[in-house]
Each structure stands twice: as structure tokens, then as C-alpha cells.
């Protein structure tokens, strides 16, 4: 084998870097629509803020939808595709039946099609709307969204079980699931902070209250007073009642989730799991500082938003988000 010269090594490394970039989702960039649709981000923000003002629950809904989209086939808006007679799509998987806000994304898409036909992807709309929904409380963007995603053409409910972490997952399973998506333990802990806003159904955590090991017992790692509070709301078989994931602060995006977690008041088994690893536990303690949480959350959301994205000529730009062209 010939020895490569310095210039050839440089070219080889540049090519390898370019290929790695493509493998991990291609190149996203700031203000992708600056020339092709200058009003794109303003349109997304205006409609998102208007809808969130009337329905604050949309914040948690969009956060969860974006997460569920990116962890299955990458951030390609496959979560938005409707089922057909011949295919059950992701949104109709049992894990996604409580998702909501699809109509708002279609409203945004319609406005963008009127302004700039065949230009802005549903994948970018979902990513931007999620950032804008979280940011509504602060009246300014909490993080920068890189754009340039294109829309996927495949959506299978059967992809869900192997890709989405469960609220019953232990730390090893969570770490593996995030690692498979190119995310770190740091990202795992930071993004779990999304549980600072929104609601959860009783059946997603009630085994911790009534049958933790299959012997009718309670999870000993759960704060006893918190467990008593939850038992006053949820019966062992209740699957319809909801509770705040961050008790007393479920409508505010803040660091309350981490403060509660340090007091053993994490709602899910997957929340409590973060305390079972020393490194993760140290990150939890750091993120009780709200400024640190806000900074790190934005960075981790940018990394999550780049998972296996389609760019360039891959995929398509859907005319409506719920249907493949």
C-alpha cells in the first residue's frame, strides 16, 4: 500500500468527515429558508404562539411528538403521516395514541404552502414549532434551530417498540437507547428534563405504587409522601386520570423536574433510574440550576433534532404533513 502524502491525508479526512456528516443526517444550517421562504420561521412562530396561548398543553405535546419522531427513522416527520387501509402508521401505535397537536402543524403547513409552495418541510415545521412552543413562556427563542430537513416517505407502527424508550426502562436500557441514536448520557439526563412540563396517565407509573416487584409492594426509592399523594389520585387500574409530571409546576418550563428528582419525586421508573448511575446523578444535581438547564436543554435538543435527518434530494417536501406526496 502506498503511503499517503499530507495533502492526500487531508483530502481523505475531508471526504470521511463529509460521509460521516451524511450518515448522521446530512448538513443542517442556520436560516435555511432565508432566500426561498424568508417568512417561514415567523409564520411558524406566530401560529404556534397563538395556539399555545389558547392551549398550554400543546407545549408538552409538541415536545413529546418531536422526541417520538426523531427516535423513529430520524427527524423526518414520519410521526405525522396518517395510516392507510394497507398500513398502520407510527401515530396509531399504542405508544403514540395520546399525542396531539397534529392539526396545528397542518395549519402551519397550509400557511407556508400559501406563502412558499413546495418549500418548507414538515420535519422542519415540527422542529421549529417545538422550540417555539417551549419558548412561548419566555417570549423569545430558547435555542437556535438549524433547518434543511426533508420529509420521510415511510411510517410504520411496527418501528415503535424497538426505538422508543419506555417509562418503565432502567438506566442500562435508557443509556443504550440514547446511544443507538448518537446521544450521550448527558443528553439522556438533559432531555429527561422535558418532563418538567405536561401530564402523565396513572397507568404509566402506578406499578411503582401498588405492585413494584409483583408482590403488591411499593417502590422503596419513591418518596413516601409523594407516593401517598399519588395513591390519592390513582387507583391500581386507572388508565384515564392524569397527573403533572412535575408536581406543582407542570405548566411551567423550569428546572423543577430535577429539584423534585433529587428528592426522590421522579414520577416514572425511567426518571428514578437517572439516580442509579453516579455520572447521571451528578448531572441531575447540576441541572437543578435553572440557567444551566436552559442552556444544556437547547444544546441537547439541537443534537436530537439532527438524528438521521434527510437532506439534499433525499425524501420529499410534503404538500400536507399527514400524507405522502
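Any Cβ shown, glycine's included, is placed from N, Cα and C.
The active site, proton acceptor annotation in TrEMBL covers 68. Annotated Ca(2+) 1 binding site per TrEMBL: 69, 72, 74, 76, 78, 90, in sequence order. The substrate binding site feature in TrEMBL is assigned to 165. According to TrEMBL, the feature Ca(2+) 2 binding site maps to 196, 246, 254. The domain 'Plant heme peroxidase family profile' annotation in TrEMBL covers 27-325. Summarising the annotation, TrEMBL assigns signal peptide to 1-25. Taken from TrEMBL, the feature site 'Transition state stabilizer' covers 64.
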Environment of 196, 246, 254, the listed Ca(2+) 2 site - residues of the same chain whose CB lies within 8 A of the CB centroid: 193, 195, 197, 249, 250, 252, 253, 255, 256, 257, 260
Shell list (Ca(2+) 1; ref centroid = CB of 69, 72, 74, 76, 78, 90; cutoff 8 A): 68, 70, 71, 73, 75, 77, 79, 152, 155, 159
Cβ atoms near residue 196 (Ca(2+) 2 binding site) (within 10 Å, other residues, all chains): 26
Spatially closest candidate among 64, 68, 69, 78, 90, the listed recorded positions, to residue 196 (Ca(2+) 2 binding site) (Cα to Cα): 64
Distance check against residue 165 (substrate binding site) for the recorded positions 64, 68, 72, keeping those with Cα within 10 Å: 68
Neighbours of residue 74 (Ca(2+) 1 binding site) among the recorded positions 64, 246, 254 (Cα to Cα, within 10 Å): none
Between residue 254 (Ca(2+) 2 binding site) and residue 90 (Ca(2+) 1 binding site): CA-CA distance (Å): 30
Among 69, 76, 90, 246, 254, the one of these binding-site residues whose Cβ has the fewest neighbouring Cβ atoms within 10 Å: 254
Nearest-integer angstrom distance between the alpha carbons (Cα) of the residue listed as 'active site, proton acceptor' and residue 78 (Ca(2+) 1 binding site): 10
Spatial neighbour of residue 254 (Ca(2+) 2 binding site) that is closest, considering only the recorded positions 64, 76, 78 and their CA atoms: 64
Neighbourhood of residue 64 (site 'Transition state stabilizer') by C-beta distance under 8 A, where only residues 6 or more apart in the same chain count: 99, 194, 198
Rounded distance in angstrom between the Cα atoms of residue 76 (Ca(2+) 1 binding site) and residue 246 (Ca(2+) 2 binding site): 29
Cβ-Cβ distance under 8 Å to residue 78 (Ca(2+) 1 binding site), same chain, at least six residues away: 69, 72, 89, 90, 152, 154, 155
Other C-beta atoms that fall within 10 angstroms of the C-beta of residue 74 (Ca(2+) 1 binding site): 22
